[in-house]
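Have a look at this one before I ask anything.
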């Protein structure tokens, strides 16, 4: 399966830039959509369904968790999501994000090419198979 | 035990009070008999007239004197007069007996129609006169000294022994006790009255003097016994010949037989006296120990900080300690005999009767023996948390419940404060660990992009990436500065000074002029140049910095005429500082997040650390004030209120 479009959600301009650059490096064919908070992301998702969502958790107005809740409740079709965590040491954040079936994995910032390769691999798998998040082993 | 001791005390009191009245009644009855001269009485019971008119009169007088001086300790003058009267009659009588003279007092007041047991008609017997003189002397002594004394006890002792031996003589029928002329002769009712008066003189007021009642009683018993033995011996001597004849016929030695009986009875009597004395002493020790332990317990309960409430099985308050007054705001009298429900707020109040009923019916204890946190209600209606533990006390004829209450509102408040502080600290550490790493993670990502660009010779794209790295580090620096100022807000030691407000505001604006778009703003300052406030200057500076930099930062770039209006004035003893703008404002519904830690509310302006308004709020609270936010039609209004303290206590 080939990824055609990715929605990146982050309030930090630099992080959005890093995502866009890394995705272009990974596959220049991929269309990158952007949103600066959860509310904007929901607005984008109402018009189009991307192949994947890269989601920041700490954002003003509507943060990543609030977004996931709205997304689960208000949408019937869910694009696979990977969460971007500032630090994977915050257990509560990790578990909370992974509680949604459409959240496939989480990565620690900043986004790298390796992360994207892993993500592409994950998306090829059937969604009901339990996934071992990369980086969970020390 | 206590109840028994109380009954015992009560008996003693009644007995003591009746002594005087018994003398008055007996004396009065005899007086009446002398006056009315009922013939039938004189024929059937001539013994009544063995008490002479004068003696009867003296008993009435001495009875009143005894009541006044010994029992009540009042009207010493009347008691003195009465006992002086009886005393002089007694002494006169004795003189008559001793020197065989006649003062004429025997028939002065009343001409006797009958003569029994005396040489001269109407004359008091000598031993009665001695007793009367001694009792009178003892009462005079008491009226003067106003308390019991050793002399009085001795006088009472002599009276008791004389009268008591006469009584004993009647009881056992020893002739010489009555007929041992002239000293031992005394009529039964006279002997009875004198033995009462004697014992009253000995025992009343014994406790105040601190001598042991039981010891005196034992001594009296022994003395009376000796007297009895003496009388028995004299009786035996007088009947010696008759007895010898009688007993020798049966072959026994009468003296040794009698001696054996006397000694045996004496040993038995002594044993009983010792036993009685020992048990009385033991009772006294136990009673005094009990009193002492009661006192000790009472002292603890009286001074306890915790409230002690005792109720009966219907919920009626039987006893409370002083701490309850403080805890509930009622006076003790307002709680006693009321239902304990009055100290409970709504849900408990209605359910309490049911608790008691259920417990009585099922013995299923809700709170008894466990203790729990409930709510109490003060007199002013305020409700407060309290720790309650209840114990059931089963008495002989009823069940009572004893509750200990402790006002824990203070503790609860500290608990809440502590939990809040802890939660805030946890939030702080979570957010700092996130927000501190965030710009570093970005920088690392940007650096690896920069390296990639250099490797692919895309150097013309490098410059904006470096710019991004720089903003990322500036963000980190800004956050660290904020954290430093926050910890300074919490820990700084600083003395207060008079702060010129208008000056500080202008200086701060000059400093902030280099912020992005600061030059676009129209700034209006309405502050009296003379306005000052006494506060810690650096904290006040933090407040001004935050208010003004926020107003500049969150201006609306779309507006052509952005402005800030700054005002300060004294209003009702408070310095009220206002900063209004026509900027972006705060989304409706998110006002409650404004002053919280790490809340950023503006989507497009991610350069804030999320700490600014939190620092503002903490600083204002440190200075004893409050800060509030109001939405304006366009923009925001922040109001800081600081109470003015001219006479500062620090």
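Using N, Cα and C of the backbone, Cβ positions are placed for all residues, glycine too.
According to TrEMBL, the domain 'PAS' annotation covers B:293-345. If you look up TrEMBL, you'll see B:370-420 marked as domain 'PAC'. What TrEMBL lists as domain 'Histidine kinase' is B:431-646. Annotated transmembrane segment per TrEMBL: B:12-36, B:48-70, B:77-99, B:127-146, B:153-174, B:186-204, B:216-236, B:256-277, in sequence order.
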Reported in the order helix, strand, coil, what are the DSSP residue counts of the domain 'PAC' (B:370-420)?
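Output for the domain 'PAC' (B:370-420) reads 12 helix, 27 strand, 12 coil.
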In the same chain, which residue numbers or ranges, 6 or more beyond the ends of the transmembrane segment (B:153-174), come under 8 angstroms Cβ to Cβ?
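Distant Cβ neighbours of the transmembrane segment (B:153-174) are 127, 130-131, 134-135, 137-138, 141, 184, 186, 188, 190-195, 197-202, 211, 216, 219-220, 223-224, 227-228, 231-232, 235.
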Could you pull the average pLDDT for the domain 'PAC' (B:370-420)?
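The predicted confidence over the domain 'PAC' (B:370-420), as a mean pLDDT, is 88.
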Give me the DSSP three-state residue breakdown of the domain 'PAS' (B:293-345), ordered helix, strand, coil.
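Going through the domain 'PAS' (B:293-345) residue by residue, I get 26 helix, 12 strand, 15 coil.
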